[in-house]
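Copied from TrEMBL, the annotated features are:
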| type | residues | note |
| --- | --- | --- |
| SITE | Arg15 | site 'Transition state stabilizer' |
| SITE | Lys22 | site 'Transition state stabilizer' |
| REGION | 73-101 | region 'Disordered' |
| REGION | 197-224 | region 'Disordered' |
| SITE | Arg236 | site 'Positions MEP for the nucleophilic attack' |
| SITE | Lys296 | site 'Positions MEP for the nucleophilic attack' |
Amino acid sequence: MRVAAVVVAAGKGTRFGSRDAKALERLSGEPLLVHSARAMAESGVVDRIAIVAPADRIEEFEGILRAVPLGRASDSPEKTAEPTKGVADGPGRAAETIGGDAGPIEIDVVGGGRTRQESVARGLDRVFEAYGPDASSDCVLIHDAARPLVPGAVIRRVVDALAAGHPAVVPALPVADTIKRVERIADGGRARLGASLGGSGAGAAENESEKAGSGGAASGGEADAGLERVVETHDRTLLRAMQTPQGFHLDAILRAHRDFAEKGEEEASAAPDDAALVEAAGLPVVLVRGSERSMKITRPIDLAIAQLLADDPSLGA
Ligand SMILES: Nc1ccn([C@@H]2O[C@H](COP(=O)(O)OP(=O)(O)OP(=O)(O)O)[C@@H](O)[C@H]2O)c(=O)n1
Ligand SMILES: C[C@](O)(CO)[C@H](O)COP(=O)(O)O
C-alpha cells in the first residue's frame, strides 16, 4: 500500500492578516509549509508529497522546498501498521508495505484553487497522475500546511486505521467549550456585537463570516452586524473537533472530490473538510485520537501559541 500526502498551502491567510502567503509565516525560523512537509516526510509512512501552492508562486515554493531537502527519517518508527486501538479492523490494505522503499521522498508542487476544496482536488489529481491507474489500493493523507506541529504518532495512527481497511480516517479531539447553534437577530445593524463574537474586531468578524458561509453564525457586513440568539445547545460529549491529516483510500476520496467538484468553486458551498465529502457520498468516517500539538494556525495568536509548543516538545504531547 502506497501512501501519498497532499499538503495544502495555497490559502491567503485572510484571518491571519497575512501580507504574504500564510504558509510562509515563520515558526522557529522556518516557513509553516516546511514544518508540515517535514512532518509528513519524517513520519516514515509517506512515499510522496504533493504540495499545493498559490497558482502564481509554484516556482518560488519549489525553491523553498529544494533548499531544505526532506527525507524519510532513517530512525523513524516501524513502517508496518499495527491495528489502531479503538478502531475496528476492516479488510486491510497490504499493511506490510506502508511507506515504500527508503530513499528521498518525491515532492511535487502544483497550483491551488479558489477554495481549500479546489486546492485539495488539484493535489489529488497530481497524486493520481503519479501513481497511475493502478492506484486502487493506495491511500492519501490530506494535511493543512497551517498545522505545522502535527506529531508523527498522529500521522501513523491515521495510516494504521487506513491499513486496517477504513476508507476515511480523521484525527480529532473532544471540544473544551460548550457549543451552541445560533441564529441572527435582524436589528438593522444597530447592535454591533458581531464584531466581538467574530474575533478581535469587525474585520475579523467579517472574515469569519465569509468562512462560515451564508448560514454562518458570526455576523459580517452592515445588514448582518447584529446580535445572535441561541437556538440550541449541543451535547458536548458527542462533539469532536476535526484535525488533519485526514486519511483516505485514494479511490474513495477521488470519487468524492470529483462528484462534488462544483460545490468547491465557491467558499459558501465548499466542504469545510475532506471527510465531509466522503460523508456526503455515504461512506463511513472513523476518528482516531488527534493532538493538541496539531493546532491550526488561523490568527496571529495561534502562531504565538505554536511557538511555545515548538519550544517545548513536552507541551501537549
Ligand atoms: N484556496 C485555498 C484555501 C486554503 N488552502 C489551505 O488550506 C489550509 C486551511 O485553510 P485556512 O487555515 O483557512 O487558510 P487560509 O485559507 O489561508 O486562511 P483564511 O481563510 O483566513 O484566508 C491552509 O493550509 C491553506 O493554505 C488552500 O490550499 N487553498
Ligand atoms: C480541514 C480543517 O482543518 C479541519 O478542521 C478545517 O476545516 C479547515 O478550515 P479552514 O477554515 O479552511 O481553515
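Cβ from N, Cα, C; glycine included.
Where the annotation comes from TrEMBL, it is an automatic prediction and has not been curated.
On a predicted model such as this, the values are computed, not experimentally measured, just so you know.
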Sequence-ordered recorded sites from Arg15, Lys22, Arg236 with Cβ under 6 Å of an atom of ligand 1: Arg15, Lys22
Inter-residue C-alpha distance, Lys22 (site 'Transition state stabilizer') and Lys296 (site 'Positions MEP for the nucleophilic attack') (nearest angstrom): 11
Nearest-integer angstrom distance between the alpha carbons (Cα) of Lys296 (site 'Positions MEP for the nucleophilic attack') and Arg236 (site 'Positions MEP for the nucleophilic attack'): 21
Number of Cβ atoms other than its own within 10 Å, given for Arg236 (site 'Positions MEP for the nucleophilic attack'): 13
Cβ-Cβ neighbours of Lys296 (site 'Positions MEP for the nucleophilic attack') (radius 10 Å): 16
Number of Cβ atoms other than its own within 10 Å, given for Lys22 (site 'Transition state stabilizer'): 24
Number of Cβ atoms other than its own within 10 Å, given for Arg15 (site 'Transition state stabilizer'): 22
